[in-house]
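Worksheet: the structure to be examined is printed underneath.
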Amino acid sequence: MNENTTNSQDVSMTATPSEIKSVQSFINQTWTDRYSTEISHEMLTLFWSIIVSIFTIGGLVGASVGGTLAIRFGRKGTLLFNNCFAILAALLMGLSSPSGAFELIIIGRFLIGVNAGIAICAQPLYIGEIAPRALRGAMAMGTSVFITGGILTGQVIGLKELLGKEEYWPILLSTTCIPAVLQLLTLPWFPESPRYLLIDRGDDAGCQKALIWFHGQEKYHGEREDMEKERVSAVGVKPKKPWELFSDRSVHWQLLTLLVIHTSQQLNGINAIYFYADYVFTQAGIPEDKIPYATVGTGACECITALTCGLLIESLGRKALIIGGYSLMGEASPWVPYLSMVCVFAFILSFGLGPGGVTNILTTELFTQTDRPAAYMIGGSINWTSFFLIGMIFPFIVTGLKQYCFLVFLVICCLVATFIFFVVPETKNKTFLEIQSNFHSRKKLFAANGTDGPLLTTAM
């Protein structure tokens, strides 16, 4: 049960049956102790649903304020402050069992959701802004590598040989504090984003010091030159709010791309794969007590492909990887029963190779400094809202269509790959201003053909 994940699974999709049963047994026992009667099946289902969904609500709240915090307190300052939510959440969830209060799990789940929502805004902002242009994609892939690594770690420590036994579930939930504590011990030694210091704060001396720290005395001049060009273009322009971004006609194609890639990241079927995986493994003849080990295999697949994507992204480019990933996901949709187990692993491999990692990188690269925090707030809100909706409607889809539900995701993957092929320029080894210029050229091309691009003129 890994709480620090935001782009693919939640507790409902990574928890083993024994873990779910342990928490539900605790709720039932607490209810019995309080009211001298067992909780009804309907009420137990309601509480479990709240525990599952409240994480998504917290993520949406976090994403909605993450960009604003990153502007006000800086990228580094926001990340450090955000650890408070993770530590408090771990404390509350760990104390839920000894205090006999299952409500603490709900509060803790909400807080860890807020932590995840803020982190998915501030962390890619920080990494994308400190990375050298030639390594920006590879370094930004660190987000996906550590998310998938967190998923895999959660799956491993949730095995019965480690913390998967019934009496250990409070400790398992409390492990969310470990990455927070590690970051509090290490991040203070790193400088703030030099791009933020120069363009947002006008701190030339601080920027110079940070650039030398990150790039060295002899190699920082090229990065400083790129930042100066962007600072000149942003003179007199304050960081935009999300609703101001929607009313800015110069970024309409970037916003449409943002909408497509973040919506499709949740609606492409990856969450459904994890929902469906236990059924597939059971149909393949894997004993119930061995399914958690097969689930670890899916986590290992996604982690390995995130690492592979990080190695390939600077040579193949963002566009080739994300189009290839969506195309392979469409081909690997497990709607043929006798190929289902192979398709599950192929689908996860395809997701990790492209959409799982490249989406956040594109969010960084498609916008300039004054637009980027608002873009992350919009993208994060879309992502979490889509996550919530797919969690709500997928059980009904799978009940009605069975394995053929993946035909819906096949169509989505093919449409997204087509959109990216025709609309999104390659961003590899380009400055943020060069990428913006590519979109402006594309806008002029559409204008010459009688259209001014997507209709996003209504302010939020």
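Yeah, the Cβs are placed from backbone N, Cα and C, and that goes for glycine too.
The annotation domain 'Major facilitator superfamily (MFS) profile' is assigned in TrEMBL to 1-428.
According to TrEMBL, the feature transmembrane segment maps to 46-71 (among others).
Among the features that TrEMBL reports, transmembrane segment is placed at 78-95 (among others).
Sequence annotations record features per position, and here TrEMBL assigns transmembrane segment to 101-122 (among others). Below 8 angstroms of C-beta separation, residues 3-7, 11, 23, 26-27, 30, 47, 50-51, 54-67, 69-70, 75, 78-79, 82-83, 85-86, 88-93, 95, 143, 173, 176, 180, 360, 373, 376-377, 380, 383-384 of the same chain, each at least six residues beyond the ends of the transmembrane segment (101-122), sit close to that stretch.
Summarising the annotation, TrEMBL assigns transmembrane segment to 134-157 (among others).
Residues annotated as transmembrane segment in TrEMBL: 169-190 (among others). If one looks beyond the transmembrane segment (169-190) by at least 6 residues along the same chain, the residues whose Cβ comes under 8 Å of a Cβ in the stretch are 1, 3-4, 19, 22-23, 26, 76, 79-80, 83, 86-87, 89-91, 93-98, 105, 108, 112, 115, 150, 154, 157-158, 163, 213.
Look at TrEMBL and you will find 335-354 (among others) tagged as transmembrane segment.
Taken from TrEMBL, the feature transmembrane segment applies to 374-397 (among others).
Residues or ranges marked as transmembrane segment in TrEMBL: 404-424 (among others).
Averaged over the domain 'Major facilitator superfamily (MFS) profile' (1-428), the predicted model has a pLDDT of 84. For the transmembrane segment (46-71), same-chain residues at least 6 beyond its ends with a Cβ under 8 Å from one of its own Cβ atoms are 3, 6, 10-12, 20, 23-24, 27, 39, 78, 81-82, 85, 102, 105-106, 109-122, 125, 200, 239, 242, 373-377, 379-381, 383-385, 387-388, 391-392.
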